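Following: one structure in structure tokens, then a few remarks.
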Amino acid sequence: MKIRVRFAPSPTGFLHIGGVRTALFNYLFAKRYGGTFVLRIEDTDELRSTEESTQAIFDGLEWTKLLWDEGPFRDGKENGPYPPYLQSERVKAGIYQKYIDQLLEEGKAYKCYCTPEELEAMREEAAAKKLPPRYPGKCKHLTKDEQAALEAQGRKPVIRFNMPSEGSVEWADLIRGPVSFASKDLYDLVISKPSGFPTYNFACVIDDHLMEMSHIIRGEDHISNTPMQIQMYKAFGWTPPEFGHLPMIHGSDGTKLSKRHGATNVIEYQKQGYLSEALVNYLALLGWSNSESQQLFAPGELEQKFDIKGVQKSPAIFDNAKLDWMNSEYIRATPISKLTDLAIPFIKEENIDISKTDRAALENIIAIEQEKYRTLKEIPGLIKFFFEDVVFEEGAKEKVYGKPESKDVLLGITRVYQNIEPFKEADLEAATRAFAKDNGFKTGQIFHPVRVAVSGRTHGPTLFKMLELLGKETVIKRLNEAAKYSNI
């Protein structure tokens, strides 16, 4: 079988993190089996679809490196044998209308002239009788004359699919196993609007068939659409693709992931300083695991190890703490040159002037606490003291400089440092330890005041490497300043 899968988002807002996971699982499935990953833009919602949202889809997929083999591109061009890949363009090309006409001619669809008010009254009547809100088929058997009379009133019809009501619809779900819906629980869904635009359920059936999709892998929220779509495949005499429905993503409280749980727009994660590779690794584990319960994957490894059989049925819980841990692991493994490139936009965003710092020095400064960064966005705040005047942590001065020996320590170590040349880590450490020993101090009585004086922090990077990177002039200046307010 030729493996063909698709990611088919609607451009009605930002690209949701759940959408990215759906794209990822389709991408991995295609790569695992040498198949084709297709992007199709389902922009048949004339009121809500926007070009800005389409660009946001490109932004999200490009940042996460989920690059498609077929589909539209940012520049308006398309690649693939089944263009166009925007459903609005397919409407203009008349692709859907002939299939609407076919169903009408065969009695498998009908025109419905009911107004929104009439439909609401039907829903209320069904609710009063404790029946499901299923369209009762009022317009199913209208004569040509009755249709003409309604159109003379100015009514424009929708087209409804004539849903079979006998038996059941069954399929072997790739993730959930056997699934069955009673046909009596389905309804005559609208497949074409008065504008001539097809609805989601109809357009995706036509496109998935014409584009030769072998597997449809999508969220669990689509599972109720599947029996209706299968009935449409049967109406045309087509073989449906295989379906697999991914588990929902929930927040830590067990409810559907939403903004109250944190960011849901994939680009927000980019802005917050997450590495795309880390986010992709994390999303792969939201509802899937391999037999080794592996957590971290090397480049290209997910493509080799992904197996749809490893996808779970129960909802996946989005754990921000685990994502932070995973991102820190990826940051730790990133070569310092690349990490510096990634960090620079965040540094500039905080208006930290690095223009007078050469590249090698900047890399050394960023590297000094590389093992501690959880996100790129944390880097500016942790290195700011290298470039700007010290801003003391709350309580840092009182904690360190209120001690009786602090002023003598600072003045004494300043004299020691003035005589060190070159101002290097090893020499600084040796001289500091010698000063402590010679003057009867514990090393902590020296290290802590010096650290706070030069960085404003009570904890931080390796002390003597930090002093070397700050440079002799800056260190001496800051120590002298600190001595002025010692013994406060």
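Glycine too: its Cβ is placed from the backbone N, Cα and C atoms.
What Swiss-Prot lists as motif ''HIGH' region' is 9-19. Within the model, the motif ''HIGH' region' (9-19) shows a mean pLDDT value of 95, rounded to a whole number.
Long-range Cβ neighbours of CYS114 (Zn(2+) binding site) (same chain, at least 6 residues apart, Cβ-Cβ under 8 Å): MET122, TYR135, LYS138, CYS139. What Swiss-Prot lists as Zn(2+) binding site is CYS112, CYS114, CYS139, HIS141.
Here the motif ''KMSKS' region' (256-260) has long-range neighbours at 17-18, 248-250, 318, meaning same-chain residues at least 6 beyond its ends whose C-beta is under 8 angstroms from one of its own. Per Swiss-Prot, motif ''KMSKS' region' is recorded for 256-260.
The secondary structure of LYS259 (ATP binding site), as reduced to three states from DSSP, is helical. LYS259 (ATP binding site) counts 10 other C-beta atoms within 10 Å of its own C-beta, drawing on all protein chains shown. Residues or ranges marked as ATP binding site by Swiss-Prot: LYS259.
Counting same-chain residues at least six beyond the ends of the motif ''HIGH' region' (9-19), those with a Cβ under 8 angstroms from any Cβ of the stretch are 41-45, 48-51, 53-54, 56-57, 59-61, 200, 219, 248-249, 257, 263-267, 269, 283, 318.
Note: the Zn(2+) site is recorded as CYS112, CYS114, CYS139, HIS141; in the same chain, TYR110, LYS111, TYR113, GLY137, LYS138, LYS140, LEU142, PRO157, ARG160 also have Cβ atoms within 8 Å of that site's Cβ centroid. Taking CA atoms as the reference points, CYS112 (Zn(2+) binding site) and LYS259 (ATP binding site) are 38 Å apart.
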